[in-house]
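Chemist: Please find one structure pasted underneath; my questions will follow.
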Amino acid sequence: MPPQKYHCNVCAQDITRSIHIRCVECVDFDLCIPCFTSGASLGTHHPSHPYRIIETNSYPIFDENWGADEELLLIDACETLGLGNWADIADYVGNARTKEECRDHYLKTYIESDCYPLASVELPGPVDRIAFAARKRARIEAFQPPPIIPQKPLASTPQCHEIQGYMPGRLEFDQEYMNEAELPIKDMNFDDDLHESAKHEMQLKLTMLNIYNSRLTRRAVRKQTIFNHNLLDYRRLQANEKRMSKEERNLLNKTKAFARLLTGPDYQKFVNSYHEQITLKKQISDLQEWRQMGLTTLEQGHKYERDKTQKFLLSKASASYDKQLRHVKSFNQTTSAPFQVRDIQKIVPRKPATPTMFSASADRQLLSEDEQALCSKLQIFPKPFLALKFALISASLTSKKPFQKTDAVNLFKHLDANKVEQVYDFFHNARWIGAPT
């Protein structure tokens, strides 16, 4: 319920919060200052009537930050709207007052007063009216929301017509939803014939129009969804999806059906919350697995995950190597000359890996920091390095004598001996292969 407003009876200007004139003889007759000084009259009112000057009473009396007019509005609102309804009371008082401010001021000034049930009228000192007005103005300006900057309208460019099929000036698409909805009614007309047979025909036509209106409603809903979620900016959406991981893209595709039910910000909040829920479930599952394995710290858990991933990749590389070996053996049985791996290298030379290519490799996180530094130095990709690691460790474990550096070089004759020696030294220093010390 808004507070009572006062308007000039001559020009109808709002004079609620400004100084105005009230006629003593006429009932509820108020004048603004310009109409009063010009001697305006209306009805039974005459400029010679006695008058009173009505001020806004914005000077503080109980609190240095609350004016007398706000005190009157607060008491009036509490009496009219009821104590405890502080949200409506704050709207009634206005002047950018919040419900917390109204509640705290009422309790402090009237309930906790030393003169209860009266309010204490003793101010700590004189109040500067100019400073009080400046604080009030700053509070009102800070309460007002910032102006909404209108978005730049889409230009009717060839991109809109050829790629998106959208015409911004008409807010239409080349192919609308249910594009043939207008065909059943395009030749419909209404006659003035009111015979009994014409009434049934009229009812049929009205039913067809209702069906057409329902289709227009569904079309408008889908179009509004496109505008609310800014789906016309497909390049930005594609760029955002490319930066997502595979799991995030799958999650986004699953939740796109809910976009029609939510606004743009609410839908984005829903997607983020859903993704956070899945992430937390995955973390809980990992923690439960770590606890079952006897791990008690996060560092042990991360090391366990790295080792598990490396074990999986090594087993996968071993299976692939066995498959290729069987293929080579079957190929040698059908040819006169044996086929070896170095023959492939002669036919299709490999381009050496660069540090930039290695840093962009998808399997780089499967290696430790020392292994990454070694691969970057020797220009070896992670997957070949893991296969080489598996082969060297397996050969060292199955060797009946201490596995020496020459054994590693002889095992990989088709590879660069210098690289094999450096990899052997790295594994030997890590105590993974070689003679025990």
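Cβ from N, Cα, C; glycine included.
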Chemist: Quick one: sort out which of 3-59, 60-116, 117-173, 345-401 is the zinc finger according to Swiss-Prot.
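Modeler: Of 3-59, 60-116, 117-173, 345-401, Swiss-Prot gives zinc finger for 3-59.
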Chemist: Do you know the mean pLDDT across the zinc finger (3-59)?
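Modeler: Summarising the zinc finger (3-59) by its mean pLDDT gives 81.
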Chemist: With a radius of 8 angstroms around the mean position of the C-beta atoms of Cys8, Cys11, Cys32, Cys35, what other residues of the same chain does the Zn(2+) 1 site pick up?
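Modeler: After dropping the recorded site residues, what remains is Asn9, Val10, Ala12, Gln13, Ile15, Leu31, Ile33, Pro34, Phe36, Ala40.
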Chemist: Taking the Cα atoms as reference points, how far is Cys8 (Zn(2+) 1 binding site) from Cys23 (Zn(2+) 2 binding site) in Å?
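Modeler: For Cys8 (Zn(2+) 1 binding site) versus Cys23 (Zn(2+) 2 binding site), the Cα atoms are 11 Å apart.
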Chemist: Name, in the order they occur in the sequence, the residues of the same chain whose CB lies under 8 A from the CB of Cys26 (Zn(2+) 2 binding site) and which sit 6 or more residues away.
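Modeler: In sequence order, Gly43, Thr44, His45, His49 meet the Cβ cut-off.
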Chemist: Do you know offhand how many angstrom separate Cys35 (Zn(2+) 1 binding site) and Cys23 (Zn(2+) 2 binding site) by C-alpha?
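Modeler: Between the alpha carbons of Cys35 (Zn(2+) 1 binding site) and Cys23 (Zn(2+) 2 binding site) there are 13 Å.
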Chemist: With every protein chain in view, how many other Cβ atoms are within 10 Å of the Cβ of Cys23 (Zn(2+) 2 binding site)?
Modeler: 20
Chemist: Can you give me the Cα-Cα distance between Cys11 (Zn(2+) 1 binding site) and Cys23 (Zn(2+) 2 binding site) in Å, rounded to a whole number?
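Modeler: Per the Cα atoms, Cys11 (Zn(2+) 1 binding site) and Cys23 (Zn(2+) 2 binding site) stand 15 Å apart.
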